[in-house]
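Since the structure comes first, as structure tokens, the remarks are kept for the end.
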């Protein structure tokens, strides 16, 4: 080795509240071996690739698929990519690199790491709380996808037609006949065309009233009436949905299995959770490009509206999207990097993860808008009226699209498997953040005992599952929307600002 031994020593000795040394590494032997852990008590990643893929799997989540495409087209299409890329290099990559280097240097969780600047330990607790809140509600979204995955295995997709479960407003409209009816001055009601000259006054009045009623598609009705069985408001929580409860339980069991052996098993799971979504997105893109109207959707998605660049809101949305997309300030990047070996080149890792995550967002947009373009063509509506974001895209628009495709069950299974995989990738790292924080706060209890680590993981999962049962009720969607809107929104901007100032000016 060309470097001397002194250079490889840790400059900070991690201590607990009593001042007892937890770990100090002074051995050349550990540093020269890529197979052995430098940190004997906390452990390290088995391979560098485990860390990179775990970070990528953590960053690339549901927001890349159902939020970025909508934000992009709403803020100028292709023109939005300019402020997005600028914000990526001005705020995204520097913040990701800051958190990775901070966690790697201290080899500590999001709270213990702030021994570097004890006055700002509240930043670590804020990250911890954000991760707990996200862990609680994020698994419910995965549970919805699991529900749809099992429903997709039926011989006929249950949301393809209005069934016994449907409400009075559910109608599978014949778009072609409706268009012809309007063209010949008819009035469309319940999939039939009526003409005033053929009816008496009383009958015609009922037809007019019918035409003014709001109708909903079978996929929309299925999501709200069957999956959610949604109540009238947050004041009416209703009963617990046993199907959603089982799906939520299964989601937490999957998390426990993936993290049963800590980051060793979590790193191996990342090989699947990182790569599988790209495989499915590629298959869906190839298939969707063969559909009529798909190119119209892509053009609508990428067509630049240069005038939008003069709007401060567009630049603000670009910055916020970077926070949603790369997931800094949740604590996950600090936690994952804390398991790196001390001299790992995390700058390269930060650049790779940030750029790959951003490219994934753009790529996912091509898939989503090609599908939306096809949907708009089928409904004979403008793309702007079909485009949506969030749960509406994943559980209403896309399920509606697959019913119009041959072998619809296959495309439905692939799509919801992808959603589950994307969700698990983020959730694994989020739960790891909570788990690691508690282990580092009580090192003598957990660090040296694998069984206790596993029991802590099960305890965290069970607690979050029990709290998450509120989301599995008939009024659970209202609470989930509150969590989604406030748990990780502007609070992340505040955490990021304070974190940057604390490390740059105080530490």
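For all residues, glycine too, the Cβ spot is worked out from N, Cα and C.
Fair warning: this is a prediction, and the values are worked out from it, not measured in the lab.
Ranges compared are 238-264, 454-480, and TrEMBL records transmembrane segment for 454-480. Within the set 296-317, 318-339, the record from TrEMBL flags 318-339 under the feature transmembrane segment. In TrEMBL, the Na(+) site is described by 59, 60, 64, 325, and among 157, 228, 419, 422 the residue recorded at this site is 422. Residue ranges 351-376, 377-402 are listed, and TrEMBL annotates 351-376 among them as transmembrane segment. For the ranges 15-35, 36-56, 78-98, the feature annotated in TrEMBL as transmembrane segment maps to 78-98.
Checking the ranges 1-41, 165-205 against TrEMBL, the region 'Disordered' annotation falls on 1-41.
Excluding 59, 60, 64, 325, 422 themselves, the residues of that chain whose CB lies within 8 A of the CB mean position for the Na(+) site are, in sequence, 61, 62, 63, 65, 327, 357, 360, 361, 426. Contact check: the transmembrane segment (410-434) against the transmembrane segment (269-286) gives at least three Cβ pairs closer than 8 Å, residues 6 or more apart, which meets the contact criterion. In this chain, the transmembrane segment (318-339) touches the transmembrane segment (78-98); three or more CB pairs sit within less than 8 A of each other, excluding pairs fewer than 6 residues apart.
Under a cutoff of 8 A between CB atoms, and with a sequence separation of 6+ in the same chain, the neighbours of residue 64 (Na(+) binding site) are 325, 357, 360, 361, 364, 422.
Counting every protein chain shown, the number of other Cβ atoms lying within 10 Å of the Cβ of residue 59 (Na(+) binding site) is 28. Residue 422 (Na(+) binding site) falls within a helix when secondary structure is assigned with DSSP.
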